[in-house]
Amino acid sequence: MHRLVVLLVCLAVGSACAGTVGVSNGDPFEREGRIVGGEDTTIGAHPYQVSLQTKSGSHFCGGSLINEDTVVTAAHCLVGRKVSKVFVRLGSTLYNEGGIVVAVRELAYNEDYNSKTMEYDVGILKLDEKVKETENIRYIELATETPPTGTTAVVTGWGSKCYFWCMTLPKTLQEVYVNIVDWKTCASDEYKYGEIIYDSMVCAYEKKKDACQGDSGGPLAVGNTLVGIVSWGYACASNLLPGVYSDVPALRKWILNASETL
């Protein structure tokens, strides 16, 4: 079953948004996710958050630092990317300045990643240098079990505070609190997705709050534990259509193996 993904896309020149919002039914991995309904936060509150950037400094996806030289992100963020043209900014509340910028020496995504179903939407980047923990740079642990439905989690990233007619895109890190919805519940009649939710996914939901079109690949966290990776969704912050994330516990073995072998 093919999925129609409707996205709110802020048309941009370089890294600056022109302020026009439209809709697109393009391939899911073409989107650049943005936090919807979030609030300003600081990197000190979420020091594992990183920005994936082009050589020119344009933010295109989020990611999570899991050890001194490994970043976890979504597979769809890495498809078609040349390692020499991907950089990671760490330790900054702003995606366009501050912190440190590190080159990437290797990247990989799950060999079972399916751009049609969005199953196994996980990838990693190996940094060109080891990064020590500081006040604003911390490693996040990988969850071993998916939290129960109803557990409060936080999604972070850079993006708009609205879900329609977004006139500006703040450069400050955003956070939004949502509630975990396990994959079986998300695939049930209680929500609208049905059979397109798979066991490599986990959902999270709160009315008018979501991770949507730059936040792709970013963290869904409970405490200092990474439970999900921003993957896809139908529209943004839509009623009974939760945001869908790659389920870290389900993909943990691949992440650890790839981290050790790259």
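Numbering starts at 1 and runs along the chain as displayed.
Just so you know, glycine gets a Cβ as well, placed from its N, Cα and C.
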Of the listed cysteines CYS166, CYS203, which one does Swiss-Prot record as disulfide-linked to CYS186? CYS203
Say which of CYS17, CYS77 is recorded by Swiss-Prot as the disulfide partner for CYS61. CYS77
Using Cα coordinates, what distance in whole Å links HIS76 (active site, charge relay system) and SER216 (active site, charge relay system)? 8
Which of the three DSSP states, helix, strand or coil, fits CYS203 (disulfide bond)? strand
Work out how many Å separate CYS61 (disulfide bond) and SER216 (active site, charge relay system) at their Cα atoms, rounded off. 5
Relative to the Cα of CYS77 (disulfide bond), which of the recorded positions ASP121, CYS186, SER216 have a Cα no more than 10 Å away? ASP121, SER216
